[in-house]
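Notes to accompany the following structure.
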Number of protein chains: 2
Amino acid sequence: MKPIRVGICGLGTVGGGTFNLLTGNAEEIRRRLGREIRVEMIAARRTNPACDTSGIRTTADIFDVARDPEVDLVVELIGGYDTARELVLTAIDHGKHVVTANKALIAVHGNEIFEAAAAKGVNVAYEAGVAGGIPVIKAIREGLAANRINTVAGIINGTGNFILSEMREKGRDFADVLAEAQALGYAEADPTFDVEGIDAAHKLTILASIAFGMPLQFDKAYTEGISEVTPEDLKYAQELGYRIKHLGIARRRTNGVELRVHPTLIPESRLIANVNGVMNAVMVAGDAVGPTMYYGAGAGAAPTASAVVADIMDLARSFEHPACAVAALGYAPGELQPLPVLAVDQVESAYYLRLDASDKPGVMTTITGVLSQAGINIEAILQKEVRSDEQVAHIIMLTHSVQESQMNSAITSLEGLEVVTGKVTRIRMDHLN
Amino acid sequence: MKPIRVGICGLGTVGGGTFNLLTGNAEEIRRRLGREIRVEMIAARRTNPACDTSGIRTTADIFDVARDPEVDLVVELIGGYDTARELVLTAIDHGKHVVTANKALIAVHGNEIFEAAAAKGVNVAYEAGVAGGIPVIKAIREGLAANRINTVAGIINGTGNFILSEMREKGRDFADVLAEAQALGYAEADPTFDVEGIDAAHKLTILASIAFGMPLQFDKAYTEGISEVTPEDLKYAQELGYRIKHLGIARRRTNGVELRVHPTLIPESRLIANVNGVMNAVMVAGDAVGPTMYYGAGAGAAPTASAVVADIMDLARSFEHPACAVAALGYAPGELQPLPVLAVDQVESAYYLRLDASDKPGVMTTITGVLSQAGINIEAILQKEVRSDEQVAHIIMLTHSVQESQMNSAITSLEGLEVVTGKVTRIRMDHLN
């Protein structure tokens, strides 16, 4: 069979890794696929010293690749939104298949891109966009395709997981660990995308669409970062048998879908609670299979390239018959359903609450009375070291599941109590059942 | 598109689960696939009260299904070797695709079956045969296809994992927990296949072939059961920071491939060390992606059916163009390499050793001297409660990695020492790096 001719746009970390994997493992790839994957052309603004591209056509203009008649498949690894969108749409328009690692692009412009690809009869693959080298898109779209999927919950941002892991293990605070993560190259100079959960929300948006069969709705995702999490909260959570993880949670409810990224207490007995450092893991629960989990490196040149090249191989397998490939969001044309994403105040969740209260008789009764009146059941209470000079006690409570709007009112009431000092800290909790 | 017409052979636990999943989730399956999967015919010796098969053609003769002109795809769920082999070969001969959950069949007769299928231009899928509902065959054959895979290590027998988990958590002994597992239906009346590692070796054989690109070589797999593991060993291992799991390990070495199932100490910090009860997990490490892990239910009607139906959907996707499907063992025709499986005495491993020795001065020096002379380095030593009446101490040692033949000689020397009482207990250890 004739080789598949690939054009790579972008030769940075992931682009360079992809090029090196395609060339370094060319023989293994050919043995598996039964045909050669050939790098036909590279577009990059500068050379990558880690890559020997001699003998390969290069250009500074990515659009040259998208239009080149000798290129069968365009690999978009430039990142960002607008130019990437234009590049991908141009490639599709020229009848080329596309592989991308760009979650932001897919989460925000995926619906438009997949529609254009379907109209043109080409395929767009994006496994590398979610959880790096872990083949979780494949697991959901194909491996669990017989299931009605109910829950997806994932640690899908390595930077955030590294920071929370270090904070818990060493009692360090957020700013301190963030600075180290930046020095180590785990975090960007502007860490907003990672630590505020935007990157995770991009990935979760994609996971939810392929799990539940709905269009991408990134603008409806609720996002809360980890910058407010304290070493104290991590310690109290641990005392109560929990870990705090920055989790993306998508869950099917009778009246819609929950789509939310926020710090979350999960029982330490759950396997995913023990995923530490920069590693990623995604739990997927289906009605037939029950809970499953997928673990591995969520970023880095080689792991991401592993997913990019697997996508290229998948598309190569159906190159002569593109209709054999899996549909972009895992559902046949016309079969997506516009499930509503629930507003965060409609979400149901258990909670971890921490507050400071006067250390006087009857205070606990007053506080628990407020929750009880709001219909909120308490699962556990922890009262910690009173500072005798200030006569203030830390009170930590775990609640049963309630609707978020209900919890908001209860917190307002708690903060209005004379015996409560300052704000109530609230972290959502999930047993991942 | 016209429906795919499926014939199910066997309506026991997995057959019934498959039928119920195909009918119960028919709409979800149709939405994903864009075509209907229809149960055309069922062969079973008796009805399954959990299944409403009214309106579906049934027969008592499985070969009726394999020959039926209205059946596109035969699902083999009868189990066993000989009849299943004949059934599958008959179905292939009649131009039908085959899906099976039968690891014994694939491990032992897979080479012959895949050859027959390739000659006929049909596909045989077997995801459900390994680790039940976990899509690990798909992960290795497709998701990690760009990698040169180095190690596969898995907890791939739920019964064995349940027994070891209970023994560790509750200090119970093997026979006691086995009896409970039998009462709970986790273990068969004759538990040999599960507890002696034969079932795990079937699965490991399959995993090794698709990971390394070599023919199935079940007869070369080394198999050791868990019936000799004691609660004492589980406890000592834990004190030293390890868990004992019944692991299947396949590892690429310069001179061949290791293929072995045996109790194994693994560091408790490894995620897979924390997979307990009947759950399964498989770790796969590739040169690009690094370590990855796949976790879920390894058995049961619905989880296994999840994998069977996913396979049906995969084959349905390429029904009009069967060549688009992934090759049976993940490598293109003619691309498997006859890698030699190393004999167990050539395997390299670290060890946990436990022995009883006289509690006299100089004994430790004598014992460590034997190991040192054999070129074996000790990583940790634990000396436990001397029974004062017998003047015997338990000595537990962890060694660095050595070739098994070297360890065998050292153990013979240790057992020959006057100060050592009885046999030396030896359990292999793996850091899963």
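Here the Cβ of each residue, glycine as well, is placed from N, Cα and C on the backbone.
TrEMBL: automatically predicted annotations, no manual curation.
The active site, proton donor annotation in TrEMBL covers A:Lys203. Look at TrEMBL and you will find A:Cys9, A:Gly10, A:Leu11, A:Gly12, A:Thr13, A:Val14, A:Gly15, A:Gly16 tagged as NADP(+) binding site. Look at TrEMBL and you will find A:Lys103 tagged as NADPH binding site. Taken from TrEMBL, the feature L-homoserine binding site applies to A:Glu188. Annotated domain 'ACT' per TrEMBL: A:352-429, in sequence order.
Here the features listed in TrEMBL are placed on the structure.
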residue  : record                    : Cβ contacts under 8 Å, 6 or more apart
A:Cys9   : NADP(+) binding site      : A:Gly15, A:Ala43, A:Ala44, A:Ile62, A:Val65, A:Ala66, A:Val74, A:Val75, A:Glu76, A:Leu77, A:Ile78, A:Leu87
A:Gly10  : NADP(+) binding site      : A:Ala43, A:Ala44, A:Ile62, A:Glu76, A:Leu77, A:Ile78, A:Gly79
A:Leu11  : NADP(+) binding site      : A:Phe19, A:Ile42, A:Ala44, A:Arg46, A:Thr47, A:Asn48, A:Cys51, A:Thr53, A:Leu77
A:Gly12  : NADP(+) binding site      : A:Ala44, A:Asn48, A:Leu77, A:Gly79
A:Thr13  : NADP(+) binding site      : A:Gly300, A:Ala301, A:Thr304
A:Val14  : NADP(+) binding site      : A:Leu77, A:Ala101, A:Ala128, A:Ala301, A:Thr304, A:Ala305, A:Val308
A:Gly16  : NADP(+) binding site      : A:Asn48, A:Ala50, A:Cys51, A:Ala301
A:Glu188 : L-homoserine binding site : A:Gln182, A:Asp194
A:Lys203 : active site, proton donor : A:Lys103, A:Ala107, A:Gly129, A:Val130, A:Ala131, A:Gly154, A:Ile156, A:Asn157, A:Gly248
What does DSSP say about A:Thr13 (NADP(+) binding site): helix, strand or coil?
helix
Centre the Cβ atoms of A:Cys9, A:Gly10, A:Leu11, A:Gly12, A:Thr13, A:Val14, A:Gly15, A:Gly16, go out 8 Å, and tell me which other residues of that chain have a Cβ in range of the NADP(+) site.
A:Ile8, A:Gly17, A:Thr18, A:Phe19, A:Ala44, A:Asn48, A:Leu77, A:Ile78
Tell me whether the residue listed as 'L-homoserine binding site' sits in a helix, a strand or coil according to DSSP.
coil
Name the secondary structure element type, per DSSP in three states, that contains A:Lys203 (active site, proton donor).
helix
If you average the pLDDT over the domain 'ACT' (A:352-429), what number do you get?
92
For A:Gly15 (NADP(+) binding site), the number of other Cβ atoms found within 10 Å of its own Cβ:
27
